[in-house]
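Colleague: Sharing a structure here in structure tokens format.
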Amino acid sequence: MADEAKAKGNAAFSSGDYPAAIHHFSDAIALAPTNHVLYSNRSAAYASLQNYTDALADAKKTVELKPDWSKGYSRLGAAHLGLSQYGDAVSAYEKGLKIDPNNEPLKSGLADAQKALAAASRPRSSAANPFGDAFSGPEMWARLTADPTTRAYLQQPDFVKMMQDIQRDPNNLNLHLKDQRIMQALGVLLNVKIQTPPTGADTDMPDSPSPSAAASERKRAAEAEPAKQPESEPEPEPESMELTGEEKGAKQRKAEALKEKDAGNAAYKKKDFDTAIQHYTKALELDDEDISYLTNRAAVYLEMGKYEECIKDCDKAVERGRELRSDFKMIARALTRKGNALVKLAKCSKDYEPAIETYQKALTEHRNPDTLKKLNEAEKAKKELEQQEYFDPKLADEEREKGNEFFKQQKYPEAVKHYTESIRRNPKDPRAYSNRAACYTKLGAMPEGLKDAEKCIELDPTFVKGYTRKGAVQYFMKEYEKSLETYREGLKYDSNNQELLEGIRTCIQQINKASRGDLSPEELKERQAKAMQDPEIQNILQDPVMRQVLIDFQENPKAAQEHTKNPMVMNKIQKLLSKKAHLGALRQSD
């Protein structure tokens, strides 16, 4: 149950629904209060909502439960950073790096905390960018993710690169103000509403703002930061400003990479896999900030049967995608393709375990129906292989013989254990079901015995022992008519079977006791109650016509004679008589 709530929380977090994520993680914590991962996940959700106080409490609990887990210190550092507790943040990140010195998120967080600490400890320069604080630390990404509009922008690699560039040096904001998405992000970070002209696409370049709009914007920015001294606002660069050589080169490389990707897609459709690989590889060399080149190349490797290469590309795509904060759907796609490759490599039931785990991870990133279908297929294939691998008729016979020995010693629970193992080793052998049914009968577990006897008959309708087992169970359940019917069915396959003939004789004796009046009041009451539980009898007694017929048989002999001429009525009367339920029926009609 805790894992189910955790999976729901992960899915909600991936979709940006942080309140729902917190709700599901809280449910999971209630079921598993010592699971450190749950507190870590809820801390991340609180931080995404800028609720750093609760994020800090959960981060501390994570570290308390698992002090040797580096991610706990990453959560702790992020929460301290969000609360502007820069010294504590630096300390948390440093503790995490002692555990995992190569952890990139911890290194990045430490750098942010140290930078924030240094900035807080020195006097602000009048020439500094007035918006610098808005772009510092991990809270920038949390705020952008929390806003529906900017959350969509985070799925665009060029926007993420620009934001990273501004975060490294806030003065670079001037280079990107002409991009409408940057203006929108600035408004979110400053908690002010920036009016933007409607455009046909997110990547359209807006016109330079009018003098009045620029003045209004400067006024709102100043209101958003009342604690700062008035500073000179840098004017936005003109739209016609030339890009730097580095920016031109990067833009050109991205364009060339997209052309290589298109060429790779065309080659893939033509089944020209080698050419497709070449184009996707070239695209990666030109631009390593778009993981679709990796996932596409992985798809080609999968088609070529190069499963190891496919897995490597998928792992790289997931790792790089997390660094770039790529769309969670892209991460899920890479994980799903890795799962497909692992399924192709599977040769035994255990080989399916990493594939199943990978599909589950993909579903936590994005609930894709195709991935869910592949997960179900992998789980089914694993189960079937487990049964095939466990199948061993020789061992099944040995276990059945062990069960027989315990049965002879009247050690029925031990016998059941060995018969059950025999069934697992060879589920198609009716003898093991028959023997276990006999054990269940001895133990008084009649429903289990009946189920095994019926399975025995299902596997081999000519196996007479199945009918004797079933008839015996029904007899002990005092369903004498059904027992009699089972014994007679068995005689079709062995007309001289003494066990079946003896079963028929004892059933007839019990049935005739009622007609001779040999039943005690308790036995009569018990039989009537059992008969009333029979669905067929209940239907007859609930029929208004039959109720009137029963009344007529008791009170109106002339009408009763007319009823005897109706074959349908007499058939139902005969069924009541065969169950010996007519006495109860007559009493009910009084």
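In case you wondered, yes, glycine gets a Cβ from its N, Cα and C as well.
Grabbed the feature section from TrEMBL, which reads as follows:
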COMPBIAS  216-231  compositional bias 'Basic and acidic residues'
COMPBIAS  245-262  compositional bias 'Basic and acidic residues'
DOMAIN    137-176  domain 'STI1'
DOMAIN    534-573  domain 'STI1'
REGION    197-262  region 'Disordered'
REPEAT    2-35  repeat 'TPR'
REPEAT    70-103  repeat 'TPR'
REPEAT    257-290  repeat 'TPR'
REPEAT    396-429  repeat 'TPR'
REPEAT    430-463  repeat 'TPR'
REPEAT    464-497  repeat 'TPR'
Colleague: Using DSSP, tally how many residues of the domain 'STI1' (137-176) sit in helix, strand and coil.
Modeller: 33 helix, 0 strand, 7 coil
Colleague: What residues elsewhere in the chain lie close to the repeat 'TPR' (70-103), defined as a C-beta under 8 angstroms and at least 6 residues from its ends?
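Modeller: Distant contacts of the repeat 'TPR' (70-103): 36, 40, 43-44, 46-47, 50, 52-53, 55-56, 58-60, 62-63, 109-110, 112-114, 116-117, 120, 137-139, 142.
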Colleague: Please give the sequence-distant neighbours of the repeat 'TPR' (396-429): residues at least 6 beyond its ends with Cβ less than 8 Å from one of its Cβ atoms.
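Modeller: Hits for the repeat 'TPR' (396-429): 387, 390, 435-436, 438-440, 442-443, 459.
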